[in-house]
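A quick write-up on the structure given underneath.
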Amino acid sequence: MEMRNTTPDFILLGLFNHTRAHQVLFMMLLATVLTSLFSNALMILLIHWDHRLHRPMYFLLSQLSLMDMMLVSTTVPKMAADYLTGNKAISRAGCGVQIFFLPTLGGGECFLLAAMAYDRYAAVCHPLRYPTLMSWQLCLRMTMSSWLLGAADGLLQAVATLSFPYCGAHEIDHFFCEAPVLVRLACADTSVFENAMYICCVLMLLVPFSLILSSYGLILAAVLLMRSTEARKKAFATCSSHVAVVGLFYGAGIFTYMRPKSHRSTNHDKVVSAFYTMFTPLLNPLIYSVRNSEVKEALKRWLGTCVNLKHQQNEAHRSR
């Protein structure tokens, strides 16, 4: 009979050890995360500050940046604190919080990316009807639905995962609490939960991904009909980069949540999880925003305003 551990805590074994190579990787990862937080925060600031960006497309981008910032903040602070202090314990409640927020934000982002693909389809394929096809009311509904559907998935995963009894040393070979990893420690039959989670993943991952591919397929068909070679190249480059980032994000999610149990590897899980929780949030603002000419112009205007304000403050200080 398997012994059940009565301690309320779990132990996160982490992503890094204390070798020189891993210390360098840890510092590089922190730099990546800080860059990601800064770039996403800047995106939200610009969209809020510049009235020219007060359009559905940029509102969706601001929500994507907010989700990315929250996704990074859910996992990295705890991971960094564990590595620096050596205290790798996490309470059952803390584990539940991570399990809730990861599907909430990851699932919400899946639906939000589908909404953004629809927005691009409406703008490219039906530019004259765009205000009707992508009204503010529809934009807000899609955004709210993305958050609520993600939260529903997160709540179900957190409640179901923490309802199982856990055995052994409560050691989680990961750097944060994730449902597919945690249920491996359960000393109970988890097959019903795993089947339910697979069905959820079909709805949360494959359905939005199919909608995105369909939208970009229609966009590509419209792009090929453009008369201007330069416009065609620009649109194709933009669409291909969007599809590449979307494919990486969904691919990581499908690999983590829909892979057969017999093919699971803790090392692979950690690498893929690090990618979609830390590196994808950095790629999103770079691909969706920084390459956008309107965002670049907004950034120039904002920097110019900051310089002028600083100059005025210096002049006022000198006149005293």
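Note: Cβ is positioned from N, Cα and C throughout, glycine not excepted.
Swiss-Prot assigns H48 and A188 to topological domains bearing different names, which places them on different sides of the membrane.
Swiss-Prot assigns the feature transmembrane segment to one of the listed ranges (56-77, 166-187), namely 56-77.
The CA atom of C95 (disulfide bond) is located 22 Å away from the CA atom of N17 (N-linked glycosylation site). Secondary structure by DSSP for the topological domain 'Cytoplasmic' (48-55): 5 helix, 0 strand, 3 coil.
For the disulfide-bonded residues listed here (C95, C187), the lowest count of other CB atoms within 10 A around the CB belongs to C187. Taking Cβ pairs closer than 8 Å, the topological domain 'Cytoplasmic' (218-234) reaches residues 120-121, 124-125 in its own chain, all 6 or more past its ends.
The stretches the transmembrane segment (271-290) and the transmembrane segment (24-47) meet in space: the count of Cβ pairs below 8 angstroms, excluding pairs fewer than 6 apart in sequence, reaches at least three.
Its own atom aside, the Cβ of N17 (N-linked glycosylation site) has 11 Cβ atoms within 10 angstroms in the protein chains shown.
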